[in-house]
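S.K.: The transmembrane segment annotation in TrEMBL covers 6-32, 84-109, 121-144, 156-178. The region 'Disordered' annotation in TrEMBL covers 200-219. Taken from TrEMBL, the feature compositional bias 'Polar residues' covers 209-219.
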Amino acid sequence: MANSCLQLSGFLITCIGWLGIVIATATNDWVIMCKYGLNTCKKMDELEAKGPWADCVISTGLYHCISLTQILDLPAYIQTARALMITGSILGLPAVGMILMSMPCISLGNEPQASKNKRTILGGVLVLIVALCGLVSTVWFPIGAHQQHGLMSFGFSLYTGWVGSIFSLLGGCILTCCSSESSSSSRSYQENNRFYYSKQGGGNPPAAASTNHAKSAHV
């Protein structure tokens, strides 16, 4: 029962983390850049919101974005953030599917529990990879933007990516640990039963032999 609750909690936390990474990947409000004060930059149209896909200019009554289509001319931190965030978003789908099909309330025929535990561990490892992709992207991107431009503050998308990465890391650890413990406990239980049966089987022949001996003595 405790392992089932941990697995359900890990699944819910993983879903929230993956959703946060997907939102951070699809939006461009990662960092806010400005060389002057906030009001001054808005009046001069120099307040910029930068993300992996576009550079947006924020002014008093205008929000205009320019897509970053020249892939070869982009800095390394933008290309790396794109690749890692897309990888994390794609890997999250099979990971969530594996974990969902390994829940105790879902049965695929006469599948043993050991197979479910292995699938849960594999899904947890994929979730940990998703978390690693999100952490590297969301940490490296503001550092690269600060070195190239004047970084003013962090944006909503960056905070969403951080929260999603932390939740994915937590969910992956919960799923991997609880599944490994349950698999080891089930293995030890099977070994104990096997020893019990072998012990019972080994006790039967002497009993039969003693019975035959008693009959021969009686005759």
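Including glycine, each Cβ sits where the backbone N, Cα and C put it.
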S.K.: Residue list, the transmembrane segment (156-178) vs rest of chain: Cβ under 8 Å, 6 or more residues beyond ends.
M.R.: 3, 6-7, 9-25, 27-31, 51, 85, 92, 99, 120-121, 123-128, 130-132, 134-135, 137-138, 141-142
S.K.: Mind checking which residues reach the transmembrane segment (6-32)? Cβ under 8 Å, same chain, six or more beyond either end.
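M.R.: Counting only partners 6 or more residues beyond its ends, the transmembrane segment (6-32) has Cβ contacts under 8 Å with 47-56, 58, 65, 85-86, 88-89, 92, 95-96, 99-100, 102-104, 120, 124, 127, 130-131, 133-134, 138, 141-142, 145-146, 151-158, 160-161, 163-172, 174-175, 178-179.
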